[in-house]
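Below is one structure, written out as structure tokens, with a few remarks after it.
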Amino acid sequence: MSIKFKPKTKEFHLYNQEVSYIFCVLSNGQLGHLYYGKRINPDESYLQFIEGEYRSLTSFVSEENSTFSLQHTRQEYPSFGTGDYADAAFMIKTKDGSRLSDFKFYDFKIQKGKPTLEGLPSTYVDSDEEAETLTIQLRDDYSQTLLELTYTIYENRPVITRHARFEQLGDEVIVLEKALSMSLDLLDSDFKCLHLDGAWGRERHVNVLPLKQGCHSIYSLKGASSAEHNPFLALLRGSANENFGEVFGFSLVYSGNFIGQIDVSPYDEARINFGIHPENFEWLLSKGDSFMTPEVVMVYSDCGLNGMSQTFHSLFRQRLVRGKWRDRLRPVLLNNWEAMTFDFDEKRILTLAKEAASVGIELFVMDDGWFGKRNSDRSGLGDWTVNHEKLPHGLTGLIESIHEMGMSFGLWIEPEMVNKDSDLYREHPDWIFHHPERNTSHGRFQYTLNLANEAVYQNIYQQLHHLLANHEIDYIKWDMNRYMSEVFSPLHSSQQQGELSHRYILNLYRLYDALTSEFPNVLFESCSSGGGRFDPAMLYYAPQTWTSDNSDAIERLKIQYGTSMVYPLSSMGCHVSEVPNQQVQRITPLSTRANVAYFGSFGYELDLSTLSNDEKKAITNQIAFYKNYRHVFQRGEFTRLISPFESKVTAWQVMSEDGNQGFVAFYRTMVTSNEGRQRLMLQNLQPEAIYKINHSKNYSGATLMNAGLVIDKEAFVEGLRDFTSLLISIEKQ
Ligand code: DGJ
């Protein structure tokens, strides 16, 4: 791995065994992009990719050279208004009202390792040998602003991370109106674009579209990364698919408003822009102030989407998730929400807990409804003290009883929100986002606390600190059940209003950071009405996320398939729930529900007391099975085999880190009459090695990968039925 600077041609080349990223200083001092893709020779020059040509209807940089135009030059971090007419990476408004800037190369620094981004989550290294970092400094003389572009390349991963930082050096106050994390001008647009979209209950469905001239974007203006679009984009070259071809993946480490854009020019070049959404965003910089953008993680794969996903999985699992829980196996949990919603008391909780302990559950989670006057979603949020009417022995008494049963104890919170019917709101009605002269919308009868305000932050921090410091809580589920609206605060000046959304997110990270450092043994799971804030930034603090409120096994195939594009199995909370399913009324076999939920951080979300003895026995066996093999599911290499978006069956595979043990899951979503034979081409095996399939027959890796594994129709214990599945074990001999 290396970062090379060639002084003669002023080219920077970042490369490792797999990938090259090249840019240069242009003749006007700005930065031009040359190449990103499979590794190419670091000793050659690539200036031929700066095309200079006279064209009509074009603005040229100077009269001396009517072939040099920013409009036709690929750039590294393009500015607004000076001849490049595509969307810029940033915009600065100066005192005179102009939005022009001209950042010229000033200096650069190459260092070992990877610096942290102050106040922001990011990927990291455990040793300085794992990565190298290049920081380029540029200056705009007129506004006296410094711009730093930072790039880190990992040694053994096809990963480059990027972010930008602005610092005001001069006396003039400038307004940053747009500050994206990256811009990338690719040499062509021969790609399909893939993103993960949906809504509540059907998050992260895979969408693939051809690139066409014009601008295509995904975004969130909801104050959360959102269920509608995940902050992730991939470009698939030509006919690339799951297993073949070039794929470029971009993942933004941010939980708030974002935009990801692909703009294809009339010359069939593609510009990717990614970062904080500029709408309702502005940031004032006085002398000495700086602004840092979130990090974007760029992954290159020349073996299709699976290759890209496997790189994201190992990076996020090993170098994004932090703390003790990074390397610990996750407990099997039971959550009481779907069994009880708000309707519980200590007796009901303990009855369920006893049942949970008897089937082998390790972590009992008490969800919404335990605090304040929380008997419905109309009251209580904001008051994080126990409801003694429901829990007469308080949290302490309850936790003691759960611990005595041999389980750890988890608790639900939603600290960013308040109901009007709460002591907190009655005391501080001005603490929510609202405009005093306008209507304030609600979501689920709740309002968003203005976490950007220090007093609000301190209050929430104190309440949560008190909760965790005074109770033996082992796990926290941190929920967030509405998107933000009327993002305005009478507590802030008119100039600060454009900063609120991002300041909220910064203080959310600060809050998570404080609590996770003070209580390092607590396992945090993030949640936002299911998967409404499933993003890499959350994983930096909370190693797992509740994947979706939709726990129907068949719907989950699509949700988990899409989520796996970026996020490792260990990060996905996956539970077996009751049938008929509460979200879609579908009845699926218990075995299929488990066969889907095993591929994640596993748990249950149902009333065990309503089940038959046979069902309880089956659940006991499922839990024992998962405990035996959770290292395979939580740490193994996951490969998608057949997509639920393209077929009536779904299949995927996981192999343990050492490659000795694995599972293939085959799900029959819809039965076809007189169906043909199904054959699965397995992946990720050693061709010469012999593998025992389902504890019976042996095949070579080469056979299983090239000729395939034939699905035995007789093996479906439920017979020929919709929603059945097989979990097939693979053991290396
Ligand atoms: C939404 C979550 O996704 C559910 O699992 C549950 O915790 C409810 N909120 C509780 O209000």
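Backbone N, Cα and C define each Cβ position, glycine as well.
Confidence in the domain 'Glycosyl hydrolase family 36 N-terminal' (29-285), given as mean pLDDT, stands at 97. Annotated domain 'Glycosyl hydrolase family 36 N-terminal' per TrEMBL: 29-285, in sequence order.
Under DSSP, Asn481 (substrate binding site) is assigned to coil, being neither helix nor strand in the three-state scheme. The substrate binding site annotation in TrEMBL covers Trp200, Asp367, Asp368, Arg444, Lys477, Trp478, Asp479, Met480, Asn481, Cys527, Asp549.
Packing around Asp479 (substrate binding site) is summarised by its Cβ count: 24 other Cβ atoms lie within 10 angstroms of its Cβ, all protein chains included. The feature active site, nucleophile is assigned by TrEMBL to Asp479.
Every protein chain considered, the tally of other Cβ atoms within 10 Å of the Cβ of Asp549 (substrate binding site) stands at 21. Residues annotated as active site, proton donor in TrEMBL: Asp549.
Sequence annotations record features per position, and here TrEMBL assigns domain 'Glycosyl hydrolase family 36 C-terminal' to 650-728. Taking H, G and I as helix, E and B as strand and the rest as coil, DSSP gives the domain 'Glycosyl hydrolase family 36 C-terminal' (650-728) the counts 10 helix, 31 strand, 38 coil.
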Give me the count of other Cβ atoms within 10 A of the Cβ belonging to Lys477 (substrate binding site).
26
